[in-house]
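A.B. asks: Dropping the structure in here first, questions after.
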Amino acid sequence: MKKNKLELVYLRAFICVIIIVTHLLTQITLENEQMSDSSLILQYYIRNIFIFGTPSFIILSQLLTTLNYESVTINYLFSRFKYIFIPYLLIGLFYSYSESLITASSFKKQFIENVVLGQWYGYFIIIIMQFFVLSYIIYKINFRLFNSKILLLLAFIVQQSYLHYFLNNDTFHQFMTHYYPLSENTMILGWIFYFFLGGYIGYNYEKILSFLEKYLIIVIMLTLGAYVLFIAVSGSDYWNVTSFTYTLTLYNSVMFFLLLGVCMHFKTMLLNTIKAISAFSFFIYLLHPIILDSLFAYTNIFEDNTIVFLAISLLMILGICIGVGMMLREFYIFRFVIGKQPYKLQFDQYQPNWN
């Protein structure tokens, strides 16, 4: 396995922050059901700017696999079961127990609905686990399939077709929800393009970095164009914001390239903080929604100043999650809760100049 590249450390940290911002903006919307139509529409388009976080994690996950491995064994799957799926189950157990207390419902009901069926924010892990299996199968067939532009195009067509019919065809929607047992968001056909895009980027990583270094302005223009296209084709349900839609596939994809291109230019900025966020990103993803409601009860006093609200909320969420994670890291057994990346975390030693 190759050494992690610094731009990917920044990228993973920024994607983690983007997901938190998405949830904070959603919290504002949900807590203000009486807002005016103009405010709702404005928030809808702002929230969609940041909605690329989940697709980006899927792209990044497969990018790292394809970049770092030219062959995989069964240990590839076993390692991800231990350090990704088991933490999913353990955090899910805690979440289900707390929800059973809040809603006065049975723990069994909460666990089955949320953790087993994926009807909670952690559904993303079910998607990732399916893609780990698919990645293993593709590696066993031919690693070079990740370099296929035809396969990438087919994946795009499959994803767009599936999402279009699922969201617009009642018969197809009812068929899928009836026969597919898990949460609708966990169906990998709705994410399959992001998986192959990540594989393609990882396979051609240096070429893509070279392109981004030379032509980042083109990516910026494509990003703006993709978002304008989304505005043109988006519907009128301004309450529902999701990345599980065909209208945002192009925007989500180009935003990943843009963020990667930007991260190439960071070398030392907040490096220790970025390393901590990146190392604990998986744990942050699973833990922060549990504490979000309680924190919002305090931070919503800054709601009229969105920038202040986001800054204070981010500081508190990251501080709590990383702080808890650092304490758990003292005990190796908690790798089954926080994952294995925090145990690889090493801070740079430097002496700040206060003069």
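Each residue, glycine too, has its Cβ placed from N, Cα and C.
Summarising the annotation, Swiss-Prot assigns transmembrane segment to 13-30, 45-67, 74-96, 116-138, 145-167, 187-204, 211-233, 243-262, 269-291, 306-328 and lists sequence analysis as the type of evidence.
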A.B. asks: Could you give the residue numbers and ranges of same-chain residues that sit at least 6 residues beyond the transmembrane segment (243-262) on either side and whose C-beta is under 8 angstroms from one of its C-beta atoms?
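C.D. replies: Same-chain contacts beyond the flanks: 7, 11, 14-15, 48, 51-56, 59-60, 156, 159-160, 163-164, 167, 184-185, 190-191, 193-194, 197, 201, 208-209, 212-213, 216, 219-220, 222-223, 226-227, 229-230, 233-234.
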A.B. asks: What stretch in 13-30, 45-67, 187-204, 211-233 has the biggest tally of Cβ pairs under 8 Å against the transmembrane segment (306-328)?
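C.D. replies: Answer is 13-30, with the largest number of Cβ pairs below 8 Å.
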A.B. asks: Between 13-30, 45-67, 187-204, 269-291, who has the most Cβ pairs under 8 Å to the transmembrane segment (74-96)?
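C.D. replies: Going through each listed stretch, the top one turns out to be 269-291.
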A.B. asks: May I ask you to check whether the transmembrane segment (187-204) and the transmembrane segment (45-67) make contact, with contact taken as at least three Cβ pairs under 8 Å and only pairs 6 or more apart in sequence counted?
C.D. replies: yes
A.B. asks: Based on Cβ pairs under 8 Å, which of the stretches 13-30, 45-67, 116-138 lies most in contact with the transmembrane segment (269-291)?
C.D. replies: 13-30
A.B. asks: Which sequence-distant residues neighbour the transmembrane segment (45-67)? Criterion: at least 6 residues beyond either end, Cβ under 8 Å.
C.D. replies: 2, 4, 8, 11-12, 15-16, 18-19, 21-22, 25-26, 29, 124, 127-128, 131, 135, 146, 191, 194-203, 205, 227, 230-231, 234, 241-243, 248, 251-253, 255-256, 259, 285
